[in-house]
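See structure below.
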Amino acid sequence: MPGGKRGLVAPQNTFLENIVRRSSESSFLLGNAQIVDWPVVYSNDGFCKLSGYHRADVMQKSSTCSFMYGELTDKKTIEKVRQTFDNYDSNCFEVLLYKKNRTPVWFYMQIAPIRNEHEKVVLFLCTFKDITLFKQPIEDDSTKGWTKFARLTRALTNSRSVLQQLTPMNKTEVVHKHSRLAEVLQLGSDILPQYKQEAPKTPPHIILHYCAFKTTWDWVILILTFYTAIMVPYNVSFKTKQNNIAWLVLDSVVDVIFLVDIVLNFHTTFVGPGGEVISDPKLIRMNYLKTWFVIDLLSCLPYDIINAFENVDEGISSLFSSLKVVRLLRLGRVARKLDHYLEYGAAVLVLLVCVFGLVAHWLACIWYSIGDYEVIDEVTNTIQIDSWLYQLALSIGTPYRYNTSAGIWEGGPSKDSLYVSSLYFTMTSLTTIGFGNIAPTTDVEKMFSVAMMMVGSLLYATIFGNVTTIFQQMYANTNRYHEMLNNVRDFLKLYQVPKGLSERVMDYIVSTWSMSKGIDTEKVLSICPKDMRADICVHLNRKVFNEHPAFRLASDGCLRALAVEFQTIHCAPGDLIYHAGESVDALCFVVSGSLEVIQDDEVVAILDHFPKNQ
């Protein structure tokens, strides 16, 4: 459509739907201001009822309502209406028009131009009011001989409009004050938006879930969640008191950040069931309270500060610390926002390695907890010599000793050595069957080892299967390229193509692949809808449209229609594009490089890429 980038624009449809829904008693037309004779692009039900015409009868007719003129329509008024349209002005008229059944009716007609963001008039809004009752009763062939009272009675009977006193309006107010125009139309000024696509408006304290700040914040939360996933199982299993001030401050800062995240979630938009962005503060809060609020609140309580007190019971301290594992559920929510990155092989590989290491860390903490629970029999207060912790202590020269004065067992490996040994055992069990230097001996240890091997086999198969797929995807184009070259070589060899021609064929294939990288443009465009395909084609051919003089005066609609028909062709050096005497069925534009015009084996002209050859 001339004057517009697309044939259908979403803001226009929203504009019309709002008017139809909230102004069923108004009568108006919308005309295209960019086309000759200003054709009607929309008429509401009120105008159809008022004029007697169906919407299909009115569409594409002139917005001046010339199709409703008759023998009693004032010629001077007709000329003024046309001048108003010609000058893109606003004005009001009292004009006599004829319905479809040729009944004459007096209308109060208002014309107002609608401008876009570039202050260019793109539409005309024409509103109509039936003012027949305020005018002298019309005398036509069917009312000749009637008294004045009889004609007035007929006018009252035929009128279907709700009559209201009309206030004259200064035409300058129509252009600059949308609220005044909306008042005359009996509409709210909020349903007369600018004729342009506006950014979504949200309250000042609401954060868009896809903005740069929220994306960065989600990355911070993801990193802190991994930190929590590593430290919490370690602290719970090894029963470490956070007496170190530096670690206590760090964990407190993490808790504060998670608390800030709760506050931000109360002010962050979300996507509703219908795919719409919900920005209403009340709906956002209700949705968050019903979903993640309780879990997030439990995950940000200061458990580390509670653990720092010496008089806190050991069991209660471990319980408080274990509640922090609830933060791990946030991994699913944050990971959903990273789905579009999973198409990159490197990102998937890093994610799989992190997951594998995290699972190994968790299993190492559980493995140590089992050994720590079984190494000393609390009932008899004796050491269990078949525990893996006792065997490890003997092998590294740090055996357990019984302190008779205190009545407790002391000694044994350090916590660092215990964690490294536990992680070593879980890693060997997940990747292989272990080496036997650290082995399960008790029933509980054996059952845990069996379960760990089952988990390890699943992880092992998943990771290596994905790694194989990732490398296949990384080299898929390369493999396809070499396969194509091998097929071409076999073809040339089978049919004994001359050496010179074979070299030209190979040069063409290699150069074409280097330019296109093996991407099938037509296949990609076929996936996109029609409107998007036209936009992409205009972008691909932008150099032709911007630099060639033939397209300088073409409208956007014309360029979009031409762009989808363009085809990019690569020609290798020495290729003949057209022979003398051939029928030319395509128009070619030289985008890059140059062409030679050869006659009798002599170069008579060189065609360079535009605009030099124009």
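Keep in mind that glycine also has a Cβ here, set from the backbone N, Cα and C atoms.
As given in TrEMBL:
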| type | residues | note |
| --- | --- | --- |
| DOMAIN | 91-143 | domain 'PAC' |
| DOMAIN | 550-607 | domain 'Cyclic nucleotide-binding' |
| TRANSMEM | 217-236 | transmembrane segment |
| TRANSMEM | 346-370 | transmembrane segment |
| TRANSMEM | 418-438 | transmembrane segment |
| TRANSMEM | 450-471 | transmembrane segment |
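Simply put, out of 346-370, 418-438, 450-471, 346-370 has the most Cβ pairs sitting under 8 Å from the transmembrane segment (217-236). Listed by sequence, the residues of this chain that lie at least six past the ends of the transmembrane segment (346-370) yet keep a Cβ under 8 A from its Cβ atoms are 226, 229-230, 233-234, 236-238, 338, 418-419, 422-423, 425-427, 430, 444-445, 448, 452, 455, 459, 462-463, 466-467, 470.
Beyond the ends of the transmembrane segment (450-471), by six or more residues, the same chain brings 345, 348-349, 352-353, 355-356, 359, 363, 367, 426, 429-431, 433 to within a C-beta distance below 8 angstroms of the stretch. Per DSSP, the secondary structure of the domain 'Cyclic nucleotide-binding' (550-607) breaks down as 10 helix, 12 strand, 36 coil. Counting residue by residue with DSSP, the domain 'PAC' (91-143) contains 6 helix, 30 strand, 17 coil.
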